[in-house]
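First comes the structure, then the notes that go with it.
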Ligand SMILES: Nc1ncnc2c1ncn2[C@@H]1O[C@H](COP(=O)(O)OS(=O)(=O)O)[C@@H](OP(=O)(O)O)[C@H]1O
């Protein structure tokens, strides 16, 4: 007959002790309840964190939708912009949204609350691309030219061109030609009396040469700068109606805007300081837009090869970014005597502009 093991070595069968069993069951169910609560709490936290990141603060990378001068294609929007080119409002189709991974159903298309209205060759692309780093700004990559060329398409069309934005975000676009087109101030005013207007101004002589450099790069057969700049080269009479010179009559253009908007609603950016101190100029623009100063000197570095400030690695990207090669190009060389004549021509106009602006931009 086989011997039974001693009683204390026998496996303890629960049924053998109902009191212990119920005690253990109570502990087990309390533990599982605690675990469930913990899992629930943690998943809730994760969900709300995702919501914050995607809805309230789309990543900087999502906001870096390249415009025509921004050589880093990323999605279909940027290709549409690139295809449209500067001055073309894309395909006329509603804007594709850059932040397709985000919770777009909470975002909507709104009319812009801020515009970069000029000036051509002032540094408007640099300003727009730098502002885009701000999570509270949604900016259209291409120039829609709504108020100067496509006004007849109506505000619904204009709205449909804008990128989707969340509640607190500011929608903006840049079309440098607005500053000099006669009907634009009244049209902008009819859309919004509160809109914030930004003008990047640059020494009008350098600006004119920059403008001409672009024109001759597209149409190499045009006459020399001197021929177009003077009505009569011998008498030195300037042709102020020649577009590259006419655009530089800032006081004249500013006067038209001031007939519709108070001075406080127009912010002037120095094109020269945008190059020498981009963070300083961006700080003032962010203040003007009522935004937190998020774009700071941490975002910029000076690229010696390009000779201009560029962006350090934007969030989510491993590469620094500079503007495209049509920005910051070598200007055609102009006879210094001609340059001096132009400086003399602009001096009184610049003085008048400084008075209107309440700011001396230090052009010679
Ligand atoms: N960071 C940076 N990188 C490159 N270029 C810069 C930058 N900041 C300002 N700029 C100046 O911007 C000038 C072009 O101005 P815009 O962008 O307003 O031109 S345009 O009206 O949209 O064609 C361009 O003019 P050019 O130098 O004549 O090419 C630049 O001087």
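Just so you know, glycine gets a Cβ as well, placed from its N, Cα and C.
TrEMBL annotations:
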- 81-104: region 'Disordered' (REGION)
- 93-103: compositional bias 'Polar residues' (COMPBIAS)
- 121, 122, 123, 124, 125, 202, 210, 327, 328, 329, 330, 331: 3'-phosphoadenylyl sulfate binding site (BINDING)
- 121: active site, for sulfotransferase activity (ACT_SITE)
- 310-322: disulfide bond (DISULFID)
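Every protein chain shown contributes to the tally, and the Cβ of residue 121 (3'-phosphoadenylyl sulfate binding site) ends up with 25 other Cβ atoms within 10 Å. When the binding-site residues 210, 330 are scored by other C-beta atoms within 10 Å, 210 scores highest. Largest Cα-Cα distance over the residues recorded as binding 3'-phosphoadenylyl sulfate, namely 121, 122, 123, 124, 125, 202, 210, 327, 328, 329, 330, 331, equals 18 Å. For the binding-site residues 123, 328, the greatest number of Cβ atoms within 10 Å around a candidate Cβ is found at 123. Summary for the disulfide-bonded residues 310, 322: the Cβ-based neighbour count within 10 Å is maximal at 322. Each residue contributes its Cα atom, and for residue 322 (disulfide bond) and residue 328 (3'-phosphoadenylyl sulfate binding site) these two points are 10 Å apart. Only 121, 210, 328, of the binding-site residues 121, 210, 328, 330, place a Cβ under 6 Å from an atom of ligand 1.
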